[in-house]
Amino acid sequence: MMAKSALRENGTNSETFRQRFRRFHYQEVAGPREAFSQLWELCCRWLRPEVRTKEQIVELLVLEQFLTVLPGEIQNWVQEQCPENGEEAVTLVEDLEREPGRPRSSVTVSVKGQEVRLEKMTPPKSSQELLSVRQESVEPQPRGVPKKERARSPDLGPQEQMNPKEKLKPFQRSGLPFPKSGVVSRLEQGEPWIPDLLGSKEKELPSGSHIGDRRVHADLLPSKKDRRSWVEQDHWSFEDEKVAGVHWGYEETRTLLAILSQTEFYEALRNCHRNSQVYGAVAERLREYGFLRTLEQCRTKFKGLQKSYRKVKSGHPPETCPFFEEMEALMSAQVIALPSNGLEAAASHSGLVGSDAETEEPGQRGWQHEEGAEEAVAQESDSDDMDLEATPQDPNSAAPVVFRSPGGVHWGYEETKTYLAILSETQFYEALRNCHRNSQLYGAVAERLWEYGFLRTPEQCRTKFKSLQTSYRKVKNGQAPETCPFFEEMDALVSVRVAAPPNDGQEETASCPVQGTSEAEAQKQAEEADEATEEDSDDDEEDTEIPPGAVITRAPVLFQSPRGFEAGFENEDNSKRDISEEVQLHRTLLARSERKIPRYLHQGKGNESDCRSGRQWAKTSGEKRGKLTLPEKSLSEVLSQQRPCLGERPYKYLKYSKSFGPNSLLMHQVSHQVENPYKCADCGKSFSRSARLIRHRRIHTGEKPYKCLDCGKSFRDSSNFITHRRIHTGEKPYQCGECGKCFNQSSSLIIHQRTHTGEKPYQCEECGKSFNNSSHFSAHRRIHTGERPHVCPDCGKSFSKSSDLRAHHRTHTGEKPYGCHDCGKCFSKSSALNKHGEIHAREKLLTQSAPK
């Protein structure tokens, strides 16, 4: 009998426990309870459910089965390579199949009564020399099992061979039950589950099909025609798996609880909490408030809330259930029977109405832009989504709608990057600059997001951009950089700042109010200008020199906030800053470039007469907004000053026929006149932008401003920090459209997608071999070049792979982390341990086969 203390030895890898789990014999323990307990502990040591996610555990199981079903001639060769995941194993087999010149032999197999000749690969010579031990062939049948049960198909696992009427309760040790997978939970509930392994669309079951003891009627499910569409367009209908696993935001959860507190939903769920029709109606009601959820997601979320509620009731800290009060009202049957005439009464009774209440009815509110919305003041909160503080409501306003914010659904990193890239396109940039609350335009943005696989409503897109603006202003006001992870993208998109040449009429225009604007309004505008946040341009304008005598003007900020237009001009005091040596160099270059502008510039058309700036234009009776009220003689001057506001780029760099704004042209000229003007004083490396130099300087200074609050690890770059955070949150925002597999990095998704397309963009020029991963390609290139960049600091020996260097370094340190569980012998390489384990496997095989 194996000692339990041996299971807790440190330094053993999961492969050892996997082999022990698979080769476990019932005869080694005293009875069934000990056998089950031993298998449980071995399985947990192998799969490590406390560390790995469900997807990772499933991948380990599938990888093991995949290696088992491989042809015997290549199985040992693949196992010799020690693939860490299924994707790597598939790639190894594909590379082996496509390797030219490999001899093949034909094999005749019978498929449905017909003989088919297949080609069988011959494995490498190295793999033929390995000892082939098929685990399945040596596994003995447990004693006490009837012959009828032994005669079952070997393809059936232990779960399939069990009586379907028997349900195995989760085995609990130390108070921690082993978590069920989502698939098992759905099967136990009797729901159909059809895995989408080949990327096909969701399969629909025929009417009246049987799933276990439950009969599924297709006519009970709402048809696609009856489902409400966001903008009455068919392409908004998505399959369930497209939105599965999306994080539930705070406002979205409160909306769900407010809906469930209504009488019809509360009574129905109290009688039958698994009623799919009720959850379907809840999902439809959520959709009315801008949250796209399936009935299964609503049911799963409510089950999760119930679980956290029970934890608090059993003595866990209150933080375990953030919605304890709302759940207390529902679970304790304290919800008063309310009329079902609207969600507002239920929400107000449950205390769920938050700071985001509006004065519009949901049925009256559409996606189309209303004229009154331009004049409305949309309160922008500086708090995050988890803020519980309520904003006082206007007592004279109409009955509030619960939870205006439809942007509560979490936006992933790649989704936000795609969203900002779409907004930076010319057609959206120009249109949103003129009217940032155009709902039809946000509908087009949402449609473009849909093309990239992200499902969003127009209102969610608008709310997200407002949130990005808020976090951007926080950083500009001096808060920590991690407040706005997309600061650089927002800085390039939001700010438009002009260093204009001296102009007599310009100062007068900046200081005097426009005709049609009262002195009180002008004073109010000046006060708003003093309070406005200082914005940067898209070309690192913090480094830009202001020529002597120039007047600083700032065009209205792109996509103004709903309160009104931002400050029109810079405060003089804000221009006094500490400037580094790099900034001084930038100043000199810009001053030099400005003197050379006439040689390179080509004056384009400048007769725009439609400026949307609320500071420069007045709204007079009988005239539309945007009509000029200044004297006609100053029209050309005003237009020349308003080109940045209009987004016009009248200056063309003749060398490349590329158009720019005034400041962008100066920056572009600097890039041609002086290549990479920002030089690192430590290593001499040069950069084209000061921001890139600042990031590079952190390598020398060791500065890591982005610190993880969970584990304390620090990072130099915000992008690496965001990627690291997903380790703690478990977020995997990048989903494969073919198989549904999720990843926490976009690069991992791109590499994975190449396994479906067969694309291998990295081709070796020496031998012609192709790779789907740049790292594998780089390692292969070193075979031809002889490059060995990884040097041992102790003996100076070089290696082409970092893994080889780590294994070599253990020869100096004496570290042997891989220990044999049977004899205690330790090894510095996992491959050596695997080969050593085959010796014990052979010994056990001989012992079992020896006559007694």
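Including glycine, each Cβ sits where the backbone N, Cα and C put it.
Summarising the annotation, Swiss-Prot assigns domain 'SCAN box' to 18-100 and lists sequence analysis as the type of evidence.
Residues or ranges marked as SUMO2 cross-link by Swiss-Prot on the basis of a large-scale study or a structure entry: LYS112 (among others).
The phosphoserine annotation in Swiss-Prot covers SER153 (among others).
For LYS180 (among others), the entry in Swiss-Prot reads SUMO2 cross-link.
Residues or ranges marked as compositional bias 'Polar residues' by Swiss-Prot: 508-517.
What Swiss-Prot records for SER561 (among others) is phosphoserine.
Feature annotation from Swiss-Prot assigns SUMO2 cross-link to LYS576 (among others); the stated evidence is a large-scale study or a structure entry.
What Swiss-Prot lists as SUMO2 cross-link is LYS652 (among others).
In terms of DSSP secondary structure, the zinc finger (678-700) contains 11 helix, 4 strand, 8 coil. Summarising the annotation, Swiss-Prot assigns zinc finger to 678-700 (among others).
Annotation source Swiss-Prot lists zinc finger at 706-728 (among others), citing sequence analysis. With a cut-off of 8 Å between Cβ atoms, the residues of this chain six or more beyond the zinc finger (706-728) that come close are 413, 481-482, 485, 487, 695, 698-699, 744-745.
The zinc finger annotation in Swiss-Prot covers 734-756 (among others), and the record cites sequence analysis as its basis. Per-class residue totals from DSSP over the zinc finger (734-756), listed helix then strand then coil: 11 helix, 4 strand, 8 coil.
Residues or ranges marked as zinc finger by Swiss-Prot on the basis of sequence analysis: 762-784 (among others). Within its own chain, the zinc finger (762-784) has Cβ neighbours under 8 Å at 91, 751, 754-755, 800-801, counting only residues six or more beyond its boundaries.
Per Swiss-Prot, the feature zinc finger maps to 790-812 (among others); the stated evidence is sequence analysis. Per-residue pLDDT, averaged across the zinc finger (790-812), gives 89.
Residues or ranges marked as zinc finger in Swiss-Prot: 818-840 (among others).
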